Amino acid sequence: MLRYAFSRALSLAVSLIVASVVIFAVIEVIPGDPASYMLGLNATPEAVDALRDQLGLNGSLVSRYLSWAGGMLTGDFGLSYTYKVPVADLVAQRLWVSLPLALYALALSTLIAFPVGLIAAARRGTVTDYGIMGATQLGIAVPNFWFAMLLVLVFAVNLRWFSAGGFPGWSDPGAAIKALTLPAVALALPQASILARVMRSALIETLGQDYIRTARAKGLSRRQATTRHALRNAMIPVLTIIGLQFSFLLAGAIIIENVFYLPGLGRLIFQGITQRDLIVVESLVMLLVFAVILVTFLVDLAYAAVDPRLRRRA
Amino acid sequence: MKHLTLAAAMLALTAGMAQAQQDTITLGMVLEPPNLDPTGGAAAAIDEVVYANIFEGLTRFGPDGAVLPALAESWEVSEDGTVYTFHLHDGVKFHDGTDMTAEDVVFTLDRARAEDSTNAQKALFTGITGVAAVDPLTVQITLAEPNGNLPFNMAWGDAVIVAPESIDTAATAPVGTGPFTFTEWVQGDHVTITRNDAYWGAAPALASATFKFISDPNAAFAAMMAGDVDAFPNFPAPETLSQFESDPRFKVIVGSTEGETILAMNNKLAPLDDIRVREAIAHAINRQDIVDGAMFGFGTPIGTHFAPHNPDYVDLTALSAYDPEKSKALMAEVGEIPALRLMLPPPSYARRGGEIIAAQLREVGIETEITNLEWAQWLEQVFGGKDFDLTIISHTEPADINIYARPDYYFQYDNAEFQALIAELGVTSDPARRSELNKQAQEMIAQDYVNAYLFQLAKTGVANAKIEGLWENAPTQANDLTGVRWTE
Amino acid sequence: MRLNAQLWIGAALTAVFLAGAVLSFVWTPHDVTALNIADKLRPASSTYLLGTDHFGRDLLSMLMVGARTSIAVALVAVGIGLGLGVPLGLLAAATRGSLIDEVVMRGNDLIFAFPSLVIAILITAVFGPSALNAILAIGIFNIPVFARVSRGGALSLWTLDWILAARVAGKGRLRISLEHILPNIVNLLIVQGTIQFSLGILAEAALSYVGLGAQPPLPSWGRMLAEAQTMIYTNPALAILPGLAIVAMVLGLNLMGDGLRDLLDPRVRRARA
C-alpha cells in the first residue's frame with residue numbers, strides 16, 4: 001500500500017511540473033501586453049516600457065518561469081499587474097465566494113439527487129422512474145448559463161425575491177447566503193441530474209447482487225435491503241462523482257459567476273485574461289489544476305485502500 | 001397565505017433599506033479601474049471613480065465642460081503668455097491631514113512630466129519648462145511658448161494634485177483633497193468612498209457612495225431593475241432604455257459625450273491608402289441604420305471628428321451621405337480588393353455597429369472579416385501595432401481633432417497641411433481665428449475621408465427617479481458626486 | 001419497449017436538427033447575413049415565422065444556420081477525439097504495462113486534471129476567438145475520453161481466448177488491434193461519441209455565449225443567447241428559442257446515446273431483463 005501511495009505521489013509531482021510548464025508556455029504566447037493595457041489609449045511608448053521594467057516583464061523566459069514556480073512553492077504568487085496587490089490575497093478573497101458557492105451547489109445537488117435517485121431505483125420500471133429519468137435527461141441538457149438567465153428573469157426581476165447578482169460580503173451571513181442561492185441553484189441542477197442517475201444505477205447494480213438477494217431471502221423487505229445494505233455499497237461511485245463535481249464546481253462556475261457578477265475565482269480568471277493580468281491567470285489555473293490532481297490522487301488512494309486489486313496496476 | 005406573509009416581509013425589508021439609503025448611493029460602472037491613481041493610468045474608469053470626488057486639480061471641468069477654478073481659486077497670465085501664476089485655496093488638507101501647498105503642486109507636475117513618468121497624458125505637460133513655488137499658496141508655471149490651453153490641460157484627471165507622502169499607495173489607497181475619502185476597494189466588485197468632513201469646499205449631500213463594477217449588460221439591467229444599483233451613468237444596454245422610460249421608478253438621462261464614434265481606417269495600408277476606397281466605404285455606410293440598430297436610436301450622426309454640441313462644429317454629413325451607387329461606381333474604378341479586416345473592441349457600439357457595417361459594405365461588394373478583440377489585444381494589435389484595416393472606436397477625449405496631426409497615430413493620416421494647421425491652432429489665442437482653424441481642420445479630414453465618421457456617442461444613463469444632481473453630459477469621464485442627492 | 005421509445009425520440013429530435021442544418025445549406029426562409037434594421041424585433045408573423053432579432057434578421061433562419069454551426073463544431077471535435085484518442089488507447093492496450101502505456105495514461109490524467117472550460121477560454125484567448133479554435137479547445141478534451149474508453153474496451157478483449165489464439169497464430173499486435181479489437185469496440189465508441197457530441201454542443205454554446213466561439217456574421221446559438229439576453233424582458237422569444245434549441249438537441253443526442261447503449265451493450269440488456 002505504501003509503495004503504491006509513493007508511486008502515485010511521484011506521478012502527482014511529475015504531473016504538477018508538466019502542468020506548470022504547459023501553463024507558463026501557453027500564457028507566454030497570449031497576445032496583449034499588460035503594460036500597454038494598464039496605461040490605456042494615449043500612453044507613450046516610453047511610459048509603457050518604464051512600466052514593463054517595473055513589472056519585471058523584461059527578463060528572460062527561463063528566469064521568469066523559475067521565479068514564478070519557485071514563488072508558488074513558497075506561497076508567493078506574485079503581484080497582480082492590474083490591481084497591484086499580491087495574487088495570494090486576491091485568491092484568498094475570491095475563495096470566500098467560490099468555495100462556499102461550490103459547497104452550496106454541491107449540497108443542493110446532493111440533497112436533490114439522493115432522494116430522487118433512491119426513489120427512481122426503488123420504483124424501477126414504473127412511471128415514476130421513467131418520469132424521473134426523463135426529468136434528469138432534461139436537467140443534463142439545459143445549459144446552466146441559460147437556466148441562470150431564466151432564474152434571474154423569474155426570481156430577481158419579476159418576483160424580486162432575490163437580488164439579481166453581486167455579493168454583499170460575509171459581514172451579513174444571511175444576505176451572503178441569499179446572494180449565492182440563485183447561482184447555486186443554476187449550478188446544482190445539471191449536477192443533481194447527473195448524480196441522481198449515478199445513484200440510481202449504482203443502487204440497481206448493488207440490488208441485483210447476491211448478498212442483497214440473500215438479505216431479501218432472509219426476510220428483509222425491499223426497502224430494508226435498500227437502506228441497510230445497497231445504499232452503503234452504492235456510495236463508492238456516488239462519492240467519486242461528488243468529488244469530481246466539487247473540483248468542477250470550483251473551476252467551472254466561471255460563466256455563472258459572470259451572469260451573477262459574483263467576485264469569485266472563475267471571474268477572476270476571466271478578468272485576468274481580458275485585462276492581460278497574466279500572473280493572476282497562470283497562478284490561478286495552476287492552483288485549480290493542483291486541486292483537481294489532488295482530488296484524483298486522494299480518490300485513487302481511497303480506492304486502493306478499499307480494493308487491494310487496484311494496487312497491482314501501479 | 002404563506003406567500004403573502006413572505007411578500008409582506010420582503011416589502012418591509014426593502015422599505016427599511018430604502019429608508020436607510022437616503023444619504024448613500026450605489027453607482028454602476030461597466031469597467032473596473034485597474035488602479036485608483038489617475039496620474040499613473042489612463043483608464044477612463046479611474047477618473048469615473050476619483051475625479052472631483054477624491055482628487056482635485058488646479059482647475060476642473062464643470063458639468064457643461066467649462067473650465068472652473070478648483071484648488072486654484074484664481075490665476076493670471078504674464079504679458080507674453082508664457083508664465084502662469086496660480087493662487088491656491090487656503091486651508092486645503094489632504095485626507096491624511098497634511099496641508100496641500102504649492103510644494104505639492106510642484107511635486108505633482110514635476111512627477112508627471114519627468115522622464116520615467118507613467119502618466120498616460122504626458123502631452124498635457126509638454127510645453128512646461130518649470131514649476132516653482134513662490135510661496136505656500138502661489139505657484140508659477142513657465143512655458144516654452146504661449147499656450148492658451150494650460151488651464152484646460154490642468155483640469156484633466158491626469159493633472160490632479162497628489163502629495164509626495166501618499167503617492168506610493170495611490171494605486172490602491174488614494175489620498176486626495178476632494179469631498180470624499182477612499183474607504184475600501186474589493187477587487188472585482190466595488191469601491192466605496194465616504195464623505196470627507198474636513199473638506200474645504202461645500203459639503204456634499206451624500207454620506208457615502210459605492211461604485212459597483214458590472215460589465216455584463218444583462219447583469220447591469222438586472223441589477224438596475226432589482227434595485228441593487230441606484231444609478232448607472234453610462235448604461236451599457238441601450239436596447240433596454242425604453243423599458244426604464246416606461247417605469248416610474250426610474251429616469252433615463254440622455255446627454256452628450258465627447259465621444260466621436262468612427263470607423264477608423266488604416267490610411268497607410270493598401271487598399272485603404274487609396275482615397276477612392278475610403279470614399280466608397282464612407283458612402284456605403286447608412287449612419288441612421290447604425291444609430292438605430294446598434295444604439296437603438298441614441299446618438300447623433302456626424303460627418304467629421306468634432307462634437308456636434310461644440311459651437312465650432314460644421315455639419316459635413318452630406319459629404320459622405322449614404323449613396324451605395326456612388327460606392328459601387330468608385331469600387332468599379334478601383335477594381336477587386338481583398339477582404340478587409342474589421343477589428344472590434346468590446347463595447348456594444350463597436351460589436352453591433354461592426355456587424356451592421358459589414359453587412360452594408362457587403363451590399364456594395366466590399367467584403368470584411370470580423371475579429372472581436374478584448375481591450376488588451378485591441379490596444380496592442382490595432383492601436384499599438386497598427387495591424388488592422390478597419391476598426392470602430394469612440395474617441396472620448398474632449399477636443400481631440402489634433403490626433404490627426406500625429407502621423408504615427410494608429411490610423412496613420414499624414415498630411416503636412418493639416419499638421420501646420422494644428423500647429424497654428426496651438427499658438428493661436430484669438431477666439432475668432434481659433435474657430436476658423438477648427439472649422440478648416442474638420443473640413444480637411446472630412447474631404448480626405450480619413451475615417452468614416454459615424455455618430456456622436458450619447459451618454460445614456462439610468463437612475464432611480466428620486467436621485468438628482470447627476471451629470472447629464474460627459475465633458476470628461478467623471479461621476480462628480482458633489483451635487484448628487486436623494487429627493488423626497 | 002421503453003428502450004425503443006428512448007432511442008426513437010432521441011433519433012427523431014436529432015434528425016430534426018440535422019435536417020434543419022442540412023437544409024440551411026441550400027435554403028433558409030430569409031438571408032441570415034442581410035440586415036434589415038427597419039424590420040427589427042418583429043413578433044412572429046407569416047413573413048417571419050418566429051419573428052426577427054435586433055438587426056431584423058429572421059430568427060428561424062438564424063436557428064437553422066446556428067444548428068449547422070453547433071453540429072459542425074461538435075462533430076469535428078468528436079472527430080479529433082476519435083482520430084487521436086482511439087489509436088492512443090489501442091496502442092496503450094496492446095503494450096499494456098509498458099512505458100508507452102504509462103505515458104499515454106498519465107498524459108490522459110493530466111489533460112483530465114485541467115479545468116476544461118478555463119483551458120478552452122485560454123486557448124481561444126491565445127489564438128483568437130473563432131469556430132476553428134473552439135473546435136480545437138473542445139477536441140483536445142475529447143482525446144483522453146476516447147483513449148480511455150478504447151483502452152478499457154481493448155484490455156478486456158485482449159484477455160479473450162480467440163484473441164490469444166490469434167496471437168499464438170503469429171499475428172502482430174498491430175494487426176490484431178486493427179482486425180479484431182477495433183471492430184469489437186465500435187459499439188462502445190458509437191455510444192461514447194454520441195455523448196461527447198452532446199457535450200460538444202453544450203461546450204460550443206458556452207464558448208460562443210462568452211464570445212469565444214463562431215464569430216459574426218456566422219450565427220451560433222450561444223451568441224444568439226448572449227445577444228438576446230438584455231432583450232429577454234421585451235422580446236423573450238429571442239432568448240428563449242435558442243436556449244430551447246440547445247436543450248432539445250442535447251436531449252435528443254443523450255436519449256439516442258442511452259438508447260444505443262441499451263441496444264448495443266449486451267451486458268445492460270441482460271441487467272434489464
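In case you wondered, yes, glycine gets a Cβ from its N, Cα and C as well.
The domain 'ABC transmembrane type-1' annotation in TrEMBL covers A:95-299.
If you look at the transmembrane segment (A:12-30), the same-chain residues 6 or more away from its ends with a CB under 8 A from one of its CBs are 61, 65, 68-69, 72, 273, 276, 278, 281-282, 285-286, 289-290, 293-294, 297. Taken from TrEMBL, the feature transmembrane segment covers A:12-30 (among others).
Taken from TrEMBL, the feature transmembrane segment covers A:101-122 (among others). Within its own chain, the transmembrane segment (A:101-122) has Cβ neighbours under 8 Å at 128-129, 132-133, 136, 177, 180-181, 183-185, 187-188, 191-193, 195-200, 203-204, 207, 222-223, 226, 231, 242, 245-246, 249-250, 253, 257, 262, 264, counting only residues six or more beyond its boundaries.
The transmembrane segment feature in TrEMBL is assigned to A:143-163 (among others).
The feature transmembrane segment is assigned by TrEMBL to A:175-196 (among others).
Long-range contacts of the transmembrane segment (A:234-256) within the same chain: residues 98-99, 101-103, 105-106, 109-110, 144-145, 148, 183, 186-187, 191, 194-195, 198-199, 202-203, 205-206, 262, 264-267, 269-270, 288, 291-292, 295, 298-299, 306, each at least 6 residues beyond the stretch ends and with a Cβ under 8 Å from a Cβ of the stretch. Summarising the annotation, TrEMBL assigns transmembrane segment to A:234-256 (among others).
The transmembrane segment feature in TrEMBL is assigned to A:284-306 (among others). Residues 1, 4-5, 8-9, 12, 15-16, 19-20, 23, 72, 87, 91, 236, 240, 243-244, 246-247, 250-251, 265, 268-269, 272 of the same chain, all 6+ positions outside the transmembrane segment (A:284-306), place their C-beta atoms under 8 angstroms from a C-beta of that stretch.
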In the same chain, which residue numbers or ranges, 6 or more beyond the ends of the transmembrane segment (A:143-163), come under 8 angstroms Cβ to Cβ? 178-179, 181-183, 185-187, 189-190, 255-256, 259-260
